[in-house]
Amino acid sequence: MEKSMNSTTLARTKSEQLVIETQAAATPTSKSPTMQNEDAPITSENMGTLSRKSSQRMVVGASPGRSSGGNKNNTHIRKPRSAQVKMDVEELSNGAALSRASSASLGLSFSFTGFTVPPDEITDSKPFSDDDIPEDIEAGTCKPKFQTEPTLPIYLKFSDVTYKVITKGMTTSEERDILNGITGAVSPGEVLALMGPSGSGKTTLLNLLGGRLIQSTVRSSVTYNDQPYSKFLKSKIGFVTQDDVLFPHLTVKETLTYTARLRLSKALSRQQKEKRAIDVIYELGLERCQDTMIGGSFVRGVSGGERKRVCIGNEIIINPSLLFLDEPTSGLDSTTALRTVQTLQNIAEAGKTVITTIHQPSSRLFRKFDKLILLGKGSSLYFGRASEAMAYFSSIGCSPLIAMNPAEFLLDLANGNINDISVPSELEDKVQVGNSETETRHEKPPPAVVHEYLVEAYESRVAENEKKKLMTPLPLDDEIKLKVFSSKREWGASWWQQYCILFCRGIKERRHDYFSWLRITQVLSTAIILGLLWWQSDSKSTRGRQDQAGLLFFIAVFWGFFPVFTAIFTFPQERAMLSKERAADMYRLSAYFLARTTSDLPLDLILPVLFLLVVYFMAGLRLSAGPFFLSMLTVFLCIIAAQGLGLAIGATLMDLKRATTLASVTVMTFMLAGGYFVKKVPVFISWIRYMSFNYHTYKLLLKVQYQDITPPVNGIKTDDGLWEVGALVAMIFGYRVLAYLSLRGMQLHRGA
């Protein structure tokens, strides 16, 4: 009993101390950094002190987070589970919105990582600086803070954003409105949520604001610090797509390390970039899975929440000023989704501007957002503080009749579903005036009428005031405006460094596929079957040479067919990754293309060596070092030429079904014209055989095996074969140039 009373007294004393400190922080003698937007221009010296306004209810104790100790020894004070200290900031500060910088001075700032304090522990509150981070006794060493350098503040404004899509039919074309005059703004330190039902235009608006959508049908005014979009902003914008586009066979650490080496400034050394990647891993709470592969459809890897945090880490590693996220909580459970949004909140604390689309958040998630744009059928139904959305819709006569999640209430309104929502008098009058039976059956207006009413209410009550606010110029320093307006594109690495990094990444990613037991078994089993069928064949007799000619032709066909259908999948499968990384200016297209095509060569040439070692000696081909290595070189030339054809077809069509069909017809034609099935080809179609790598490979193999032997096999002259070598080399470079030009002409994203 005595122990219980002591615990209660201690908790009460602790609560009173926090109330006093909070009231003191709520009434500062000098202006907080947040208020600088209204009175004084923001300069590059004070831009790192931007903080985030918040009027939310804070829970200290059992909630996730880490706070410093209240005494000098930083010891943990044991508390029962129910001993939670709650503070209502609005009550303590008499309605004034405290910034998160003020709460951080109370020791209430939460870590990037979502580090969880055990529910039976509450740490004392004590202000601490970045250089004085206490050590968590039970969890081990503290995780370092990621945000160490100032962030360039970017204020995003957009007014009357309109976007249309032209759908072409058989005879006519139809123009469809996707966005209809969307207006809004978001400042550093804020999280703006774009919410609405499926098909309302959330992703389109996000892509347009992120500079990833450029069309002639876009009419809008989007400014960044009152400046238009420029290529410089690519290095200041992080964009997390809805789909987790990651390499499945790379580990978490490798993924973030390669991103750091490609995207971070040239001024940083390789060790500094790798350290930044490690810091991000710890800040996002990924240290337990840093050596685990990402995984995919057929590869077991990290969980969905960890994959999403890796995607976020890929973007925040560059310290972006703007962070865009497309439905970061899709496919996650409520707890993981809450942690993800908490991460976004912590990112915004560092002075970053965060814009995210959200589909159907929980009530706890909804409270994490600062601003909200509610979209319905491409029109704006609400823009303002997320905490004031319910009050706004109540003011226009729409309020829930039952206890309801605010997000569900807003989505019902956006869909026109008002079954559990009060009907405004204006809508009731429309229902009574209407004579349609469908309108009077349930005494509820149809969704189209509800949508029209909500749009009219927003235009008359909110839109004009918001547009007037956007007309006010920002009190920003000219230096910051000029930085945003700069048209210079910044690369994180030189061309050679980009090539080396992409080459190493390509080998690490694809080595698992190339050395899979399925592929090795396929090649070796084929080699053994061929060796058994042509076991110690006779090369001295004419009939024996004819049999060996069939084997050589099959080798030419097999190593022409196999690489084509492997290389076809290269660019179509990596199109999403290429679009994502090129949109962020991670590397030059030429560096990627050369690294992608050359990183396959060491892997592609290992299996042919094993194949020839089995077939060559089992079949009893010419046992001499010269013919053996020349035969291997000939097969290598055939493989590289066939790869070029596959790369060209895949890059040109970018569709696996069409590419596979075209490759099948092409390879079959080259095989038939290869000089084995038809000896005398008609003149009008004989030109095909000169385009066939099978034909040139077959001739070279015959010349290597039967040089200076008469009569010639299949009428092929046994010369030095330089013409065939030249033809294969021309194909190697020609097909790859065609593939590169096809990629260059493919519209990936703005500025790609």
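Positions of Cβ are set from backbone N, Cα and C atoms, glycine also.
TrEMBL labels come from automatic prediction, so no person has curated them.
Quick look at what TrEMBL lists:
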type     : residues : note
REGION   : 1-82     : region 'Disordered'
COMPBIAS : 1-12     : compositional bias 'Polar residues'
COMPBIAS : 24-57    : compositional bias 'Polar residues'
COMPBIAS : 65-74    : compositional bias 'Polar residues'
DOMAIN   : 156-402  : domain 'ABC transporter'
TRANSMEM : 517-537  : transmembrane segment
TRANSMEM : 549-572  : transmembrane segment
TRANSMEM : 593-619  : transmembrane segment
TRANSMEM : 625-647  : transmembrane segment
TRANSMEM : 659-678  : transmembrane segment
TRANSMEM : 721-743  : transmembrane segment
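If you look at the transmembrane segment (593-619) against the transmembrane segment (517-537), you find at least three C-beta pairs under 8 angstroms, all six or more positions apart, and that counts as contact. The transmembrane segment (659-678) and the transmembrane segment (517-537) are not in contact, since fewer than 3 Cβ pairs between them lie under 8 Å (pairs 6 or more apart in sequence). The average pLDDT for the domain 'ABC transporter' (156-402) in the predicted structure is 89.
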